[in-house]
Amino acid sequence: MAPTRVTHPPDDGRGEHFRVRIEGFGVGTWDLDLKTWALDWSDTARTLLGIGQDQPASYDLFLSRLEPDDRERVESAIKRVSERGGGFDVSFRVAGTSNAGQWIRARAGLIRDEAGTARHLSGIFLDIDEEKQVEGALRTRETHLRSILHTIPDAMIVIDGHGIIQLFSTAAERLFGWSELEAIGQNVNILMPEPDRSRHDSYISRYRTTSDPHIIGIGRIVTGKRRDGTTFPMHLSIGEMQSGGEPYFTGFVRDLTEHQQTQARLQELQSELVHVSRLSAMGEMASALAHELNQPLAAISNYMKGSRRLLAGSSDPNTPKVESALDRAAEQALRAGQIIRRLRDFVARGESEKRVESLSKLIEEAGALGLAGAREQNVQLRFSLDPGADLVLADRVQIQQVLVNLFRNALEAMAQSQRRELVVTNTPAADDMIEVEVSDTGSGFQDDVIPNLFQTFFTTKDTGMGVGLSISRSIIEAHGGRMWAESNASGGATFRFTLPAADEN
C-alpha cells in the first residue's frame, strides 16, 4: 500500500481563521518539524504549558516543562510515531510553573510530503485537569468502596441478569473459597448445591418474566456450597438495581454455621438443665414426702399392731382373718415408708461433677436461657463481673440451674414494675469463697417472708410449686457455700450465694 501523501494546504487565510477559532476554545496548537526538531506553538499552547510569550519555542523547552515521571514516556511516544507512524495521543503533567501538576492531553498526526516521508507532527493541546480530577475522585471513591467491602463481615455478591458474577467481596472469598478473579465471570450457581444449582437459571428467568417481588428484600435461610464441596447454612438477602437498562442483583450472605452450633449448644444445655431440675425436684419432693409421711405411716403401723393385740382375746370366728389383715396392712405401711426413703436415696445418689469453671462463662450461658425475652420486656441487663474472681470449683450444670432459676424469678418479679433492671456481680469473699449477687427491681418481699423462702413447697407466686429456691440452696450447700436473700431498700430483691474459689492450676 502506498504511503499517504499529506501536504500543507495553500495559505489562503482560512487555516489561520480556523486556528484562531479553536484557540478561542482553550485549545493550543503545535507543530514539530521531525527533521530539525524545531517546535512551533500557539499562544494558548504556551499558556497551557506555563511558558512565557518571550521565551523562544524549542523541543527541549517543551520536554523540560513535563513532570520527570512523564518526560521519558512522552519522548518515547513521539519517537515511536515518527519512526513507525500511527496516531499520537498522550497525557502528561506540567512541572516547574504556576500550572505545576496540571494535566494536559496532546493529540497529533503525521504530515507527510509527496514522497510519503513524515515531515511534521502536528496537533493540539487540551486542558484535561478537571477530567483527571474527576477520574481521581472516582478512583478514590472506588478505593474507598472497595475498602468498605473488605471490612464488611457479610459476603456480598453482585450478579447480572443472566446469573454471571460481576463482584465478589473479600468476605465472599473467605466464605466460599473462590478468589475474586476466579469467581467473576462464572455463573453464581457454582456457590449452590443441587438441586438449586441446576434450577437457578430458571429462577432468574422466571423472575425477569413475572417480576415476582417475593425474593427481593426478604431474607431467608438457604444452603451454600464452598469450593471444596462442603455445604453450610447461610442467611441470604437479595436486592435489585438497574444499570444501563440491565438488571443486577446484589446478594448479602451471612454464614449461620456458628449460629446454629450455638443454638444446638443452648438446646443441649437446656436439656441438661431440665433433666437436672427434674431430678432435683424429685429429690426435694422425696425428702419432703419422707419427712412428712414417715410419721403418719409409722403411726398407722402402730395402730394396726395395737388393734391386733385388742383382738387377741376375742372369740369371734373371723378374728384370725382380721388379725392377718391387720398384719398385712401394718407391713404395707412400713413398706410405703421404705419406698419413699429408697426414692429419696436414689435421687440423692447423683454425684456432683465439680471442676474448675469460669463464673463469667456460667453466667453468660445461664443468661442465654434464663433471660430469654428480657430485652423484649425492656429489662436492662448489667453484668458487672470481676475477672479476678472468675474461677470457681463447681458442677457446671447445677450452678447454671441455680442461676437460671434466679434469673427467671427476677423477670417474673419485674413483670409489673416500671423500672426493670437486673444486675449480676461477683466479688471475692472470706474463706477463699466467691460471692455472686443477683439483684432486681421487682416487687420484692416482706421481711417476715425471708425465713421461709428456702423451705420446700413455700412460694410467693400464684402458680409456683415452691421447690426452686429450696433446690438452689441445697445445690449451693452441697458445693460448700451458702445462699441467702435480702429486700432492697429501693424495691426489689437481692439473692446472694457463695462458691469455693478455684486456682488456675
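The first residue you see is number 1, and the count goes up from there.
The backbone N, Cα and C atoms fix where each Cβ goes, glycine too.
Taken from Swiss-Prot, the feature heme binding site covers His200. Residues or ranges marked as domain 'PAS 1' in Swiss-Prot (evidence: sequence analysis): 14-85. Among the features that Swiss-Prot reports, domain 'PAC 1' is placed at 88-140, with the record citing sequence analysis. Look at Swiss-Prot and you will find 141-208 tagged as domain 'PAS 2', backed by sequence analysis. Taken from Swiss-Prot, the feature domain 'PAC 2' applies to 209-268, supported by sequence analysis. Under the heading phosphohistidine, Swiss-Prot lists His291, citing sequence analysis as support.
Within the same chain, residues at least 6 positions away in sequence whose Cβ sits under 8 Å from that of His200 (heme binding site) are Gly163, Asn187, Val188, Asn189, Met192. Note: the domain 'PAC 1' (88-140) comprises 12 helix, 27 strand, 14 coil (DSSP; helix = H, G, I, strand = E, B). Model confidence over the domain 'PAS 1' (14-85) is summarised by a mean pLDDT of 84.
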